[in-house]
2 protein chains.
Amino acid sequence: MRADAARNLEAVLTTGARMLAADPGASIANIAAEAGVDRRTVYRRFASREDLLAAIYECRLAAVERAIDDARLREAPVAVALHRYVENIIAVNRAWPVDLARMLADDDVRARRDASVREVDVFLERATAEGVLRSDLPQGWAGALLPQLMHLVSRQSPETTPARAADLVVETLLRGLGVS
Amino acid sequence: MRADAARNLEAVLTTGARMLAADPGASIANIAAEAGVDRRTVYRRFASREDLLAAIYECRLAAVERAIDDARLREAPVAVALHRYVENIIAVNRAWPVDLARMLADDDVRARRDASVREVDVFLERATAEGVLRSDLPQGWAGALLPQLMHLVSRQSPETTPARAADLVVETLLRGLGVS
DNA sequence: ATCAAATGACACGGTCCAGTGGCAATTGAT
DNA sequence: ATCAATTGCCACTGGACCGTGTCATTTGAT
């Protein structure tokens, strides 16, 4: 692949991710125009609209897997792993803000996504066992809340650094907003 | 209006809300079919697709206003008002799960929505002043987190009663998920 | 400088959907 | 029972978008 082709490919992927996050029904024509590329060029790289979406979700999926890997959820101390995971995912949310929920049709995507979710679930169980999380929480509540918190802070304050944003998320998750 | 017409109208509104929540791009034909009504009937009640959306968002908007009113955010004790507000909004989320974010084009809708948001913001300031919420939180964090919590619990556990769901939301908001 | 790869531009057919018109059939109110 | 309101069904136009073909032009690598 030539250098300009690689540039265009990346532009289409990142611009597509941004536009699809804002409006899941964004057309190929709009994405191509926003990426400064002809509509036909997109169809030369991706066989169909679904293919483009799959490629974008693949980017997010891979980034999430790297984030989990880097956080060492199974080995590192819970407090360290939690903060690192949150910080990494916030960065991923900003780079690839697309919502995976609309892509669960693809079995491959679903399997990898489930694997990541399970990895986090296992970590949350460890956090509970080590006394970081309360043990009387409803099933799946922590696992559902954490992504929402990261997603919220990713959009709410796009200017703050991922590290500081992670501080806020972890603090909110563990201690809430009330006076101690 | 005849009785059957009223039934059809309500079916279109509630079904439309449910389907638009699942997929904001749902077509009139799909909504009508799901509501057990001919597509033409929808167009007899609503001049355009925008009109139907506006009517649905109006339903949610009115329900939110009633919820705020009922919670007596300005007068009732903070703990009481908070729980009651959360409980009411959870019920609204289930009845009208549509996301208002896509309707801010309409000035009237936006004004009413802003008024409701401000009402809650004022309440959160009171909660801070009375020592229920911490005072060192980032600007707008509580106001952004609370709706997300309510939205999350509305979808996460649709079977639990609004009162119990509100327990969980308030507990999470104020004390988080960590061991105290 | 040269050549192959990549792109942009225009065109075309197909599909889905919004919105409208008409008409026969049904249904609720009286 | 009767009548008016309401509905269901068929058809139609216009527009947006998807996906493809073609070809002249540009651009990067050598």
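In case you wondered, yes, glycine gets a Cβ from its N, Cα and C as well.
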Annotated range (TrEMBL: DNA-binding region) out of B:7-26, B:27-46, B:127-146: B:27-46
Secondary structure tally of the domain 'HTH tetR-type' (B:6-64) (DSSP, helix then strand then coil): 47 helix, 0 strand, 12 coil
